[in-house]
Structure formats: structure tokens, C-alpha cells
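> Among the features that TrEMBL reports, Zn(2+) binding site is placed at C249, C316, C317. The domain 'Hcy-binding' annotation in TrEMBL covers 9-331.
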Amino acid sequence: MGIASVGCSISDFLDKSGGYAVVDGGLATELERHGADLNDPLWSAKCLISSPQLITKVHLDYLDAGASILISASYQATLQGFEAKGISRGQGEALLRRSVEVACEARDIYNRRYRECARDGVANGGDLATRPILVAASVGSYGAYLADGSEYSGNYGESVTLETLKDFHRRRVQVLAESGADLIAFETIPNKLEATAYAELLEEEDINIPAWFSFASNDVVNVVGGDSILDCASVADSCDYVAAVGINCTPPRYIHGLIVSIGKVTSKPIVIYPNSGEAYDGLRKEWVKSTGIEDEDFVSYVGKWHDAGASLIGGCCRTTPNTIRAISATLSTKSSRSL
Ligand SMILES: [Zn+2]
């Protein structure tokens with residue numbers, strides 16, 4: 001594809017989609033809501049082995065709710081994690097490819113349904129159904145693989161270097177780049193070191209699909225590991241392989257300030273998909289209401305986030321197809337008013 005087209009393809013997609021796009025919502029937590037037991041180091045990737053049809057269903061639910069970007073179930077799918085379960089390198093690579101195939105299949109089913117409805121003269125959602133849809137291959141952080149909470153502390157200890165992280169992610173990124181995905185979503189990035197590792201990896205491997213870098217934060221100034229969002233977004237800005245920069249799995253109340261900061265250091269599209277604002281209690285293994293400012297009215301923030309410069313908006317953990325339906329309705333009403 002070449003670097004020039006890698007850089008502009010998300011912008012082209014946004015131009016074709018009216019200047020904004022709706023990202024899907026939480027995948028793992030939605031699989032759990034449907035009864036999947038993800039208490040496992042592979043988390044949502046466990047369903048790639050045990051119940052891929054449930055992943056297809058959740059992807060379809062998000063498309064029906066108005067999402068235009070599906071994120072694959074590879075967040076915690078790593079070759080090292082599969083090997084720890086006795087799954088060979090070859091089988092692990094096949095499972096990584098499978099995560100993208102499952103999302104592509106959901107897109108095919110959705111498009112086929114639309115064509116059949118159109119042929120039979122059945123109205124099924126009007127313009128919503130004709131939109132272009134992208135499949136993003138998810139890459140979770142090294143901390144997500146460790147499954148010890150470090151994806152939310154960003155603290156990998158002194159022994160983990162830039163090279164450790166590049167070696168850890170290299171083969172997975174190569175496989176996902178060749179899987180038929182439209183882009184790679186590097187999600188929940190907890191620190192600048194991992195962002196730098198991804199940027200160098202994309203350059204060294206000359207990855208031929210665009211990427212977005214999405215950081216996790218727990219305030220309005222820094223990413224979870226303590227590096228400033230300005231520094232982290234600058235790493236993404238200076239990498240030609242990165243086509244969008246943003247924030248995911250972060251409480252809604254911090255998002256506006258973070259968008260403003262990111263906009264100061266990059267003109268690339270800004271992607272944001274916050275969580276529901278609840279916090280995960282790792283000891284009790286459950287989500288709990290946060291104290292302080294309520295995030296319940298998540299969707300009422302969406303217009304402000306768009307005005308502040310975010311063009312790709314969706315949800316992360318504990319958001320559902322209902323959240324995405326409401327985001328989609330808000331953005332579509334807003335854009336038709338401004339025409
Ligand atoms: Zn999340």
C-alpha cells in the first residue's frame with residue numbers, strides 16, 4: 001500500500017462518512033453480559049476458541065446500533081499467552097487471524113442482510129445501513145498480557161525495555177497486518193515507552209495498514225503510567241504510520257480535557273471511546289461505581305467531545321449496544337443540523 005496511502009486512509013474514510021464515525025462499544029464486557037466466563041488470562045480471546053459465534057453476535061449488535069468501526073477480539077490474544085495454554089505458534093497465529101475474520105464475517109452478514117432487505121423493498125434503517133464499515137485489529141498492551149493490572153498502572157518495572165516491548169509485540173503485529181483488517185487499533189496504551197515501541201515497530205516492519213494509538217488515562221493531564229498526554233500524543237503525531245490518536249477505557253469525565261490536549265500536538269483525527277465511568281476492582285473481580293462525579297449521562301457529553309475535535313467516537317468497557325445507538329443518534333442529529 002505504501003506509507004502515503006497508510007497515512008490518509010482514515011481521513012478518507014471520515015470524509016466519506018460525513019466527517020465523523022461511530023466506533024463500537026465494549027467487547028469483552030458485552031461478551032460477559034451474554035454469559036461468557038472471561039476469568040482467564042486470555043480474556044475475550046478465550047471466546048475465539050470456545051464461542052466465536054458469540055463474538056459474531058456482539059459485532060452484529062454493534063453494527064445494528066450504528067457502529068462503523070468494529071474492533072476485533074484480539075485485545076488479549078497474544079502468541080505468548082496462547083503458548084502458555086499449550087497452543088502452538090501456528091495455531092496461535094491462526095487464532096489471531098480468526099479474530100479479524102470473525103469481524104469481517106459480521107460485516108459481510110450485515111451488508112448481505114441490507115442488500116436482501118433492499119431487494120425485497122423492506123426499509124431497514126435507511127442511511128445507517130449503507131455506510132462504509134472498517135475492521136480494526138485490536139492490540140492490547142503488554143500489561144494486558146501480564147493480566148496483573150499493569151495495563152492500568154503503566155508500571156512495567158526497570159527490566160522491561162523498549163526492545164522487550166518491540167520483541168513482545170512484533171510477530172502479533174505482523175500477523176494482524178496481513179489478516180485482512182483495515183487498520184490496527186493499539187488500545188489502552190499505558191505509557192510513552194510502549195507507544196514508542198509501537199511506533200518503531202510500525203516503521204521497522206513497514207506495516208501496510210494504518211494504525212491508531214489510543215491511550216488510557218485516569219486524569220486530564222497524564223496517561224495512567226504518569227507520562228504526559230502531550231508527550232504520548234506527540235509520539236503518535238510524529239509517526240507517519242499512525243492515522244489517528246486518542247483515548248479509550250477512561251472515565252467520561254476526563255475526556256474533554258484530554259481531547260483539548262491532544263489537539264494541541266496533532267492535527268490527526270482524534271479517536272475516543274471511554275468506559276462507562278465505573279472502576280474495576282481487581283480483588284473483588286467486579287466493576288464498581290466510582291465515587292465523585294457521576295458519569296451516568298455519558299451520551300450527553302458526546303456533542304461536546306465532537307465540538308472539541310474528536311471525530312471517531314465509541315465506547316469501551318461496560319458500554320453496550322444501547323450506548324452506541326445513543327452516540328450514533330446524537331452525532332447524526334448534530335451533523336444533519338449543521339448541514
Ligand atoms: Zn475497556
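Cβ coordinates come from backbone N, Cα and C, glycine included.
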> When you measure from the Cβ of C316 (Zn(2+) binding site), which residues in the chain that are at least 6 apart have a Cβ under 8 Å away?
G25, G26, T188, N248, C249, T250, Y273, P274, N275
> Measure from the Cβ of C249 (Zn(2+) binding site) and count the other Cβ atoms within 10 Å, all protein chains considered.
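So the Cβ neighbour count for C249 (Zn(2+) binding site) comes to 23.
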> For a quick check of packing: other C-beta atoms within 10 Å of the C-beta of C317 (Zn(2+) binding site), how many?
21
> Find the average pLDDT over the domain 'Hcy-binding' (9-331) in the predicted model and report it.
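The average pLDDT of the model in the domain 'Hcy-binding' (9-331) works out to 93.
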> Look up C317 (Zn(2+) binding site) in the DSSP assignment and report helix, strand or coil.
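For C317 (Zn(2+) binding site) - judged by DSSP and reduced to three states - the answer is coil.
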> Within 8 Å of the centroid of the Cβ atoms of C249, C316, C317, which other residues of that chain place their own Cβ, given that this set defines the recorded Zn(2+) site?
G26, T29, T188, A216, N248, T250, Y273, P274, N275, S276, G315, R318, T319
